[in-house]
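Undergrad: Residues or ranges marked as active site in TrEMBL: Arg21, Asn39. Among the features that TrEMBL reports, domain 'Acylphosphatase-like' is placed at 6-94.
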Amino acid sequence: MSAPLAQRLVITGTVQGVWYRASAAEAAARFGVRGWVRNTADGSVEALVIGTEYMLESFVAWCHQGPPKAKVARVTVTEVDLPDPLPTDFIVAPDA
């Protein structure tokens, strides 16, 4: 298996109040991604995701679509250092 990578995602558009975080957690489970997702005060959604390159590409592709009621304007992806300790699952975190 490939070494895990970590990315910070910022998703903008109509992404709060449309079940984006819960749907992202379901998508993360499907793709085997670990980390967290949360709402931010500026109306965006932020995520820290850990997985193989393929897992992250699949999850980011889902993020561009989001759940049915979302209207995603942009997904900004930034490579980050792996957190220590590594998350063991994917959670909906408290709002930032």
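Using N, Cα and C of the backbone, Cβ positions are placed for all residues, glycine too.
Fair warning: this is a prediction, and the values are worked out from it, not measured in the lab.
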Undergrad: For the domain 'Acylphosphatase-like' (6-94), jot down how many residues DSSP puts in helix, in strand and in coil.
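TA: Taking the domain 'Acylphosphatase-like' (6-94) as a whole: 25 helix, 35 strand, 29 coil.
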Undergrad: In sequence order, which residues at least six apart in the same chain have a CB under 8 Å from the CB of Arg21 (active site)?
TA: Val37, Arg38, Asn39, Val45, Val92
Undergrad: At a 10 Å cut-off from the C-beta of Asn39 (active site), count the other C-beta atoms across all protein chains.
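TA: I get 19 for this one.
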